[in-house]
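Structure first, commentary second.
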Amino acid sequence: MSQQNRDGVWNPAYHHSETLEMDRGSPERSQHQNPYASEDFRPQWDGGPTGRGGPEVLPPYDMERGPWDTTETIPMRPLPSEQDFGERYPATSPQVRNGFDNQGFEWEPANENSLAPPGWQQNSLEGHQAYRQGGESSLRQRGVRKYSLFPTGTLSTSALERLGFKEDEFQDVLEEERQDLVRELAAMSSRDRVRAVRQLPMNLQEKDQIRKTVLLMKTSEKQRQEQNCCTDCSQNVSMSFRRCGASLSAVPQALQLWQGTLKEIGGRFGTSVLSYFLFLKWLLMFNIFSFLVNFSFITVPQLFDHEAKNTGTFRGLEILTGAGYFSNSVLYYGFYSNGTVSGGSASGNSTSGMPQYNMQLAYFFTIGAYLVLCCISLVYSAARSFRENFMLAGAVVGNAGRLLSSWDFSVVNEKAVRLKQDNLRTQLKESLAEKTNENLSLTFSQKLARFGIHVAGWLVSTGMAAGCCAGVYFLCCYNMNLINKSPASQSLTVEAGTLLLPVVVSLINLVIPLLYSLFKKVEPFTFPRHQIYALIIRNVLLKMSILAMLCYFWLEQVVENDNINCWETFVGQDIYRLIIVDFIFCLLGSFFGEFLHNVIGTKCLSGLGVPEFDIARNVLDLIYAQTLAWIGIFFSPLLPAIQIIKLFLIFYLKKVSLMQNCQPPKRSWRAAQMMTTFILLLFFPSFSGALSVVAFIVWRKAPSKSCGPFRGLAVPYDAVSQWMDSVDIDFQGSSWAVWIYNNLIKSVLFFLIITLLVLILIYLYWQIVAGRKVLIVLLQEQITNEGKDKTFLLEKIEKLKAQNSAQTALASGREAQRGGAEVSHHTGSRAFQRSRRRSQDRGSRGLERGGVSTVDQGSRSTGRGRMPEYEPRSRGRDTALPGYVQEGLGTTSMLGSEREYPGRTDYLQEDPYSQEDGTGPPVPSALVQALLARRQAEEEDEEEGY
Amino acid sequence: MGNKQTIFTDEQLDAYQDCTFFTRKEILRLHTRYHELAPNLVPMDYTNDPDCKVPIQLIINMPELMENPFKERIVESFSEAGDGNLSFNDFVDMFSVLSEMAPRELKAIYAFKIYDFNTDNFICKSDLEQTLNKLTREELTPEEVNLVCEKVIEEADLDGDGKLAFADFENMISRAPDFLSTFHIRI
């Protein structure tokens, strides 16, 4: 290679560097001018040695233009005729010529040198990008997270050096960020600070250091503010308070139920099945809370009342029927007294010094407060889960989401992991297959058929639900007739007969959902998700309509029936039986549904397979039972206790059944969104239905005449109005409370205004949400546009780099070619240095553009302002050149230059002029110089355009 | 309770509590687990910050990680030197990020690190291929792997540079509601 060069290869890139040299020589000159357009420019060129003929210019130039034009898309103005060019600019400047009179000049170093900077430049660009990316992405949401995302781990010191950062410079930047962070943290309240520190994406030691710095800063500030001896003391106190609080906050964690079991379930069956158990646990907590409230505010005071005594005998069947012994106990409404209860033995007499306890009010307010608390906590959890899980879920997550976010890290069981991997593989294959025949669209008749099937499915399912409701209603009426015939009968058979209704209801609840799930065999759904939702809606419809029918029966038939002396207790017993029988059917369901399925599937019919745990059905069962419990809370305040026992047993039962019989679900189950749906279901038809039933009873239905706390009142709510009247008389100071009661609580206008306000507020928020949606769309468009800009600019940089390297390569070839004439090591090295300087200059300019295009793509206008920040760094690299030259050649992707260079050498080898006379044609060089200078000027024009 | 004082000082426990999502009790439990990994290496007394690291081999054999296809990457992402040997601080850090309490942004940052196999701060195609192979036990054909990876990049790459930067990744994660519950290891 060097052999040829010494022979004098004509190298056009040299001329490019030549123009650069001239740029540097005249810094005052306007950048946008085409140097060849100015007349002053000519003498400089004319002064150089001349004597090379014009005609010689043409062939090499022509040959050269080919590759230039194919690799370069920067538009050029039409050139003057080549002949003219050659005559006008016949030779190079003398200064440059000097440099190439060196025979022993080596090609290789110059080559390396000219190629290295682009590579280095790219490297540093990426470095910048990575660094900025690390900093900025974490910085976005909270000011606290300004600290670099990848502080040391990924950008090692050597890498930094390669990127052109002095290590201490980088440290300075980090240190600065750190200081900012510490200041920000110090300005926060201690609670926010702890939370912010916890969320810092760095390792523990760094967090700890930052925390200590902040604390130090805090204490020094405090000491400056108040030189008080109490400061120390108060600090100690606050510290111990914090420790105390921390240990208190650990208490609920210690109480956390079933931690190990849940971990085991999650480990074997994944998050989706786990979510069922978490839901169950959540319901259990709910019931424990309501039990505590009811027990302590209603039952405990009642137990002090010694007048009421239970005289029944316990026979055993009561556990199932809830009647008999239980019917006259604290379990039901009818047992509670209507008077005031005072402690001690002073049986209801207000003369004893003990405080009065009005059972009517206690009953009313406890139930009311409990329902309100339930409502708040339900709304809160539904809203939170909605916010977390439906935040941006509008767009369907395809492969990407499935691939990178679907892996369940909590699964630790080997078999489960393998199964999950297999399932994921099948899903991916399926989705690939779908992608390939995506265009398979349905014909109109097929669509019509599908629609028909759906309509039929809905008709059949709704019809079944209606039929079941009717059946339940007639059964209820039949039961009623039996009671009417023999009202006073206490025999066992009658009591057992009452079990008929709950058994039928539970049977319906068990069998009909199974029928519904058979629909999927005939009903085609495009997405499995739709199928699940349809199934859920049908099941909810069935269960809720049965419950509504029962409520209607209780409120219309039972209340009016004179043969029942305490209808609240009667309803309470009905609900009790429903809950107990539902539990038994739940046991049977898991036995037959899961255990037998498993046995048959593994032993007899292998086609049946091992059952999957049906999350939707099980969750709906839980919701149904909870609805019953909420409706029953008025009739039977201790129903939550039954519910607690039931849920507790169900947990273990389901766990055992799951572990023994089931396999993890095959389909990926969007557990988080499903959970949100379930909580919403629990809130909307279930809780709000129960609430309206209870409210209806309290405001509209006359209580029994002979039992319960509200006996003798027209409606239960009268207890409150009477109490308010008595308050008005008894306590003089509380007239404001009465005023509030009369003017606000009782006033329709007040609620009307509040409702209007809420509606207006909702409308406002609705509009804000709509606006934000538009904004999101706009921002997403902007992101894509920025991306396009980025790729465009990157391509541009690549091209420029390619051009640079090619030109410098040609320049060095030219140097070598000239070097054939004279032997002067000294000048050769000078030329070497000069060309190196040029390429560096070029490189730093490229970096500037890189800085504009990639780093600050969001704000191109400020990009210019930031340039100086990068420039010194890149210049600072000059000293360490040889190192990065090696690096650049060895590691970086000088795509453009490498792609282009071989072709160029080929051409150079074939150059007839270089073969003929060892010096090569000088006039073409002038032409090329002109051309390149012109192109450069145009580039600069472009650059300025940004 | 007397035992507690010998492992950590109160200040240390405060620091751990302020810097992680764990309570004191959980920190102590974590220490026990850490100690069990290498009883000869890890001292019981941590009051003077002993410098000891448990090698990667012992850590990835924890039952919580053993079957995880990304176990090496998880441990490497959390080790300070990137080699997978964890000091106790790294260990606590790891389970803190993987705990239930950690917010989505923090989890996303470390998930990104885990999936970024070649640590170039981008999830590029080769990273995706490795991820895919780990997720499917390398039983997809190369063409399928290629196709899926292209699809993923096409779907998630917002700025069109052919690889997923952290912003792309975070955006994708925010659309996958299950991520918060699945990027979670119970200890």
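Cβ coordinates are placed from backbone N, Cα and C, and glycine is handled just like the others.
TrEMBL annotations: computationally assigned, not manually curated.
Over in TrEMBL, the protein carries these features:
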REGION    A:1-61  region 'Disordered'
COMPBIAS  A:15-31  compositional bias 'Basic and acidic residues'
TRANSMEM  A:282-304  transmembrane segment
TRANSMEM  A:316-335  transmembrane segment
TRANSMEM  A:361-383  transmembrane segment
TRANSMEM  A:455-478  transmembrane segment
TRANSMEM  A:499-519  transmembrane segment
TRANSMEM  A:531-555  transmembrane segment
DOMAIN    A:566-672  domain 'TMC'
TRANSMEM  A:575-593  transmembrane segment
TRANSMEM  A:628-653  transmembrane segment
TRANSMEM  A:674-699  transmembrane segment
TRANSMEM  A:744-766  transmembrane segment
REGION    A:808-924  region 'Disordered'
COMPBIAS  A:838-848  compositional bias 'Basic and acidic residues'
COMPBIAS  A:866-878  compositional bias 'Basic and acidic residues'
Please list, for the domain 'TMC' (A:566-672), how many residues fall into helix, strand and coil according to DSSP. 81 helix, 2 strand, 24 coil
So are the transmembrane segment (A:575-593) and the transmembrane segment (A:316-335) touching or not, going by 3+ C-beta pairs under 8 A with a sequence gap of 6 or more? yes
With Cβ-Cβ distances below 8 Å as the criterion, list the same-chain residues six or more beyond the ends of the transmembrane segment (A:361-383) that contact it, or say none. 282, 286, 289-290, 293-294, 297-298, 301, 336, 630, 633-634, 637, 676, 679-680, 682-683, 687, 691, 694, 698, 709-710, 716-717, 719-720, 723
What average pLDDT is reported by the model for the domain 'TMC' (A:566-672)? 86
Counting only residues 6+ away from its ends, which parts of the chain sit with a Cβ under 8 Å from the transmembrane segment (A:674-699)? 272, 275, 278-279, 364, 367, 371, 374-375, 378-379, 381-382, 385-386, 389-390, 532-533, 536, 540, 544, 547-548, 551, 555, 615-616, 619-620, 623-624, 626-627, 630-631, 633-634, 715-717
Ranked by Cβ pairs within a distance under 8 Å of the transmembrane segment (A:455-478), the first of A:282-304, A:499-519, A:531-555 is A:531-555
